[in-house]
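Annotated features in TrEMBL:
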type	residues	note
TRANSMEM	83-106	transmembrane segment
TRANSMEM	126-149	transmembrane segment
TRANSMEM	170-191	transmembrane segment
TRANSMEM	197-222	transmembrane segment
TRANSMEM	316-337	transmembrane segment
TRANSMEM	357-377	transmembrane segment
TRANSMEM	480-504	transmembrane segment
TRANSMEM	524-547	transmembrane segment
Amino acid sequence: MAEDGRGKETKQGGLKTMPFILANEICDRFATSGFSANKITYLTQQLHMPLVQASNTLTNFGGTSSLTPIVGALIADSFAGRFWTITVGSIIYQLGMMTLTISAVLPSLRPPPCSPQQPCRQASSLQLAVLYLSLLCTSIGSGGIRPCVVAFGADQVELQGDAGHKWNFFNLYFFSMGMPVLLALTVVVYIQEHVGWGWGFGIPTVAMCLSIIAFVIGYPLYIKMKPGGSPLTRLTQVLVAAFRKRDVVKPEDPSLLYEDKELDADISTTGRLLHTNQLVFLDRAAVVVEGDIEESGQPRLWRLSTVHRVEELKSIIRMIPIWSVGIFVVTAASHSYTFAIQQARSMDRHLTPKFQIPPATISIFTVMTMLLSLAFYDRVFVPVARRITGKPSGITYLQRMGIGLAISNLANVAAALVETKRKAVAAEHGLLDMPDATIPISVFWLVPQYAIHGLADAFSSVAHMEFLYDQSPESMRSTAAALFWLAGSLGNYLGTLLVTLVHDYTKEKGDWLQDNINRGKLDYYYWLVTGMQVFNLGYYIICAMFYTFKPLEVAKPENPSKVVDEEVGAKEVEFSKVGT
């Protein structure tokens, strides 16, 4: 239940809390993007790290930052709560950024600049220790911020009853995340390159400090859900109880299964999960047999679980197939920051005779398109769709995710066609064996594939996060949000595996991914990814068709009777089925 009590809910939560909550996450993204966009340059040019060591450092840092949200989410859901997990995570992140900024300012924490009189010296053990400490702090801090901010913000809207507000929270969240990334890719990178790294790191550090202050000031306005204990322990208890009773005969009538509203009160504030006729072997955990109840009347939880707790586990299992679809979405887009940058480097990047854009800057078109698409979706698409479907959200998040997956296919089709065109121009001008030459074709040919990725993200990424939040058990929403980041981590690792397999398999047959991309067959790789995306889309459609939304018993404050959600209805019982 809410820590502040149900009586205060009308005065707490709602959109008035968004500036405090989103400011924290915006500064996290601003700080992360401001460093990430150019960090390879800092490590190699300022700390004089060898390229392989710098690359491995960044890979380890990125992997850790993607995995710590799982730990942070479990801490929040188990005992700390989302507010304090975000606060502590932000402070740890702040310490990491301060350490990094200090190392960029103090000459003693960096090797001396290279010069003709003094060869480049690599960073000392002490200087590297300071760097690794700062990266570790930011990784740990991200683990407390990322999984909790989206769930904490959505709690304010859902629990206060503003779910139908014209700005969908998840659209607002992703729109807010895009702005700092766009700013970091332009302003912060320019400051780092032309003003100094101290200022380049210092500005995000100051912004992060201000966001922590703003977030804490908003404390009286927040609805703060009481953590319901370790969700992993509860899920494990269900599995153990079901295994112990694997030979017990399950009653035909689900109403005979064990219920305990008082026991589940803290983990079912918005309503108890109702029995579903799926994964019925787990129902044995809720069958009462001799010895399951103590003399005090309390259940022995390693022998007996309530229906609500059994359905928590069922909900997580049902979510996994659709969650897994997001892994390959990230894999399919991962080359936008590797191979596509190499393509851009080989193309004409001049805006004026004397100015050309950096290759990595082309990625701003993904961010810009996503921001414009989110605004169009929320202000134009949803109102029109609402008139047609009669649903407050216009279309369901499963439909929205499917549209995004279909659109993302077009991005790799565009990438393959543009690469074919680029190589044709290179062949026409005799540049196939000159990988460092500039091919006379504009870099803006790459804009469509980047823009389509941004459009697809506005549909699929937002819907993916919304699905995980809405369909997860109430007491595990931070953990569910962490799954979003885990999908991104696995997607990037899968992208690395795919590239490695393609390279190893084709190196004896022309090598699709050779260093000289003019002689490689990068367009073939894009077509391969397109085919895999089509398979992923088909897999998703099947999963979505057979997906069962969690049925939820909802009690209104003025009338604790069971009610029906008119928007989604229910197939098996007349209770609300959560999901839009």
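Counting begins at 1 with the first residue displayed.
Even glycines carry a Cβ here, placed using N, Cα and C.
Among the stretches 170-191, 316-337, 480-504, 524-547, the one making the largest number of Cβ pairs under 8 Å with the transmembrane segment (357-377) is 170-191. Taking pairs at least six residues apart, the transmembrane segment (480-504) and the transmembrane segment (83-106) share fewer than three Cβ pairs below 8 Å and do not count as touching. Long-range contacts of the transmembrane segment (83-106) within the same chain: residues 24, 28, 31, 35, 42, 46, 72, 75-76, 127, 130-131, 133-145, 148-149, 152, 196-198, 200-202, 204-205, 208-209, 211-212, 215-216, 219, 222, 224, 478, each at least 6 residues beyond the stretch ends and with a Cβ under 8 Å from a Cβ of the stretch.
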